[in-house]
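In what follows, a structure is listed as structure tokens, so that the remarks can point back to it.
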């Protein structure tokens with residue numbers, strides 16, 4: 001019997017150096033979905049890849065989905081199982097249902113209740129839909145997760161306090177520079193995280209902000225909103241020495257900022273310190289950059305303490321959110337129980353249509369060669385009734401007395 005299964009590598013167990021090894025870049029995701037969908041016993045699949053988690057959601061009838069998914073993840077990223085085994089989380093059936101709802105509502109996020117994950121989950125869903133790797137069960141699962149997340153947002157205060165990775169990034173920079181408004185900030189990338197950082201920095205009255213991105217039009221959109229300068233990604237190395245704060249979040253598959261570049265920038269700055277925050281997965285900044293004097297390099301994992309300092313207000317709403325998830329999951333499980341019945345009814349109706357069409361075609365031919373319309377129509381109706389009721393009648397006769405009452409409940413509806 002098929003089941004829902006999830007393999008997860010996330011911030012709770014895996015450090016950034018592991019997460020970046022198993023991350024999927026957007027340009028390779030469609031092929032990755034196709035490869036996974038091609039594995040025997042995988043009926044449907046979705047892949048979520050963010051800075052804090054890589055998760056594979058499948059509907060499968062493999063005997064050991066965990067083994068299949070773990071081997072797939074290791075093979076596609078060309079790493080050994082030993083490298084990732086200690087960091088794997090696996091969920092199936094009810095646990096999988098709870099987990100996907102926890103993810104969608106932000107209860108499983110590094111930042112409790114953060115809203116960005118829901119958008120990322122929806123993007124993963126739409127990517128799978130475009131790749132044609134969904135089926136009815138996985139479609140229903142994700143629609144359920146989305147509606148549950150909406151209900152949690154509506155019925156609780158979990159998203160009220162301004163705690164997000166972008167917010168905490170700006171808070172962390174304030175630990176290095178007391179007055180952000182006097183600093184020059186370089187933001188690399190043009191995704192949602194960078195746009196949120198720009199928004200928070202703008203609220204801190206930062207007037208000298210540079211947005212660098214591979215597609216300069218996307219950088220320009222953010223720059224226009226916050227009176228910033230926009231440049232292409234190839235140009236950022238020529239202005240990096242001007243930046244007191246650098247926050248990077250691109251989808252690059254290899255680091256774009258190396259130790260040599262920063263050494264050169266520090267010389268031009270006469271070793272004035274630089275705060276650098278790498279919130280990309282895989283990382284945008286080589287770890288060796290952090291060895292340099294006057295460089296304060298942080299990764300997304302270093303945000304945890306800032307997050308904990310600001311999380312108190314949301315923690316109170318967590319229990320209420322979990323209660324909502326439990327109630328919503330009961331509704332989904334009820335749908336899951338009757339799913340085989342839906343498939344049986346669909347099959348029965350399809351078979352009935354085949355019988356009807358065959359007999360109808362025969363009756364039409366007879367009418368063309370005979371004027372006895374009434375007898376032909378009566379014969380057609382009798383044959384159709386007999387053929388449609390043959391198998392159900394046979395099954396009712398073979399049904400035990402104990403189960404007969406269930407059949408009797410359906411019979412009156414036939415008269416309607």
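Glycine is no exception: its Cβ is also placed from the backbone N, Cα and C atoms.
Note that the structure is predicted; figures quoted are calculated from it, not measured.
Per Swiss-Prot, active site, nucleophile is recorded for 51. Residues annotated as substrate binding site in Swiss-Prot, with sequence analysis given as evidence: 50, 51, 52, 53, 109, 114, 115, 116, 120. Look at Swiss-Prot and you will find 189, 190, 191, 192, 193, 194 tagged as NADP(+) binding site. The site 'Important for activity' annotation in Swiss-Prot covers 99 and rests on sequence analysis.
Annotated features, which come from Swiss-Prot, shown on the structure.
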{"residue": "51", "record": "active site, nucleophile", "Cβ neighbours (10 Å)": "23"}
{"residue": "52", "record": "substrate binding site", "Cβ neighbours (10 Å)": "24"}
{"residue": "99", "record": "site 'Important for activity'", "Cβ neighbours (10 Å)": "22"}
{"residue": "115", "record": "substrate binding site", "Cβ neighbours (10 Å)": "16"}
{"residue": "120", "record": "substrate binding site", "Cβ neighbours (10 Å)": "18"}
{"residue": "189", "record": "NADP(+) binding site", "Cβ neighbours (10 Å)": "27"}
{"residue": "190", "record": "NADP(+) binding site", "Cβ neighbours (10 Å)": "26"}
{"residue": "191", "record": "NADP(+) binding site", "Cβ neighbours (10 Å)": "16"}
{"residue": "192", "record": "NADP(+) binding site", "Cβ neighbours (10 Å)": "16"}
{"residue": "193", "record": "NADP(+) binding site", "Cβ neighbours (10 Å)": "23"}
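The Cβ of residue 109 (substrate binding site) has 24 other Cβ atoms within 10 Å, all protein chains considered. Taking the centre of the Cβ atoms of 189, 190, 191, 192, 193, 194 as the NADP(+) site, the nearby residues of that chain (Cβ within 8 Å, site residues left out) are 187, 195, 196, 197, 222, 249, 250. Around residue 50 (substrate binding site), the C-beta neighbours below 8 angstroms that are at least 6 residues distant in the chain are 117, 120, 281. Annotated pair residue 99 (site 'Important for activity') and residue 190 (NADP(+) binding site), C-alpha to C-alpha distance, rounded: 29 Å.
It is 11 Å from the Cα atom of residue 193 (NADP(+) binding site) to that of residue 115 (substrate binding site).
For the pair formed by residue 189 (NADP(+) binding site) and residue 109 (substrate binding site), distance between Cα atoms is given as 22 Å, rounded to the nearest Å. When the recorded positions 51, 52, 109, 115 are compared by Cα distance to residue 191 (NADP(+) binding site), the shortest distance belongs to 51. Residue pair residue 190 (NADP(+) binding site) / the residue listed as 'active site, nucleophile' shows a Cα separation of 15 Å.
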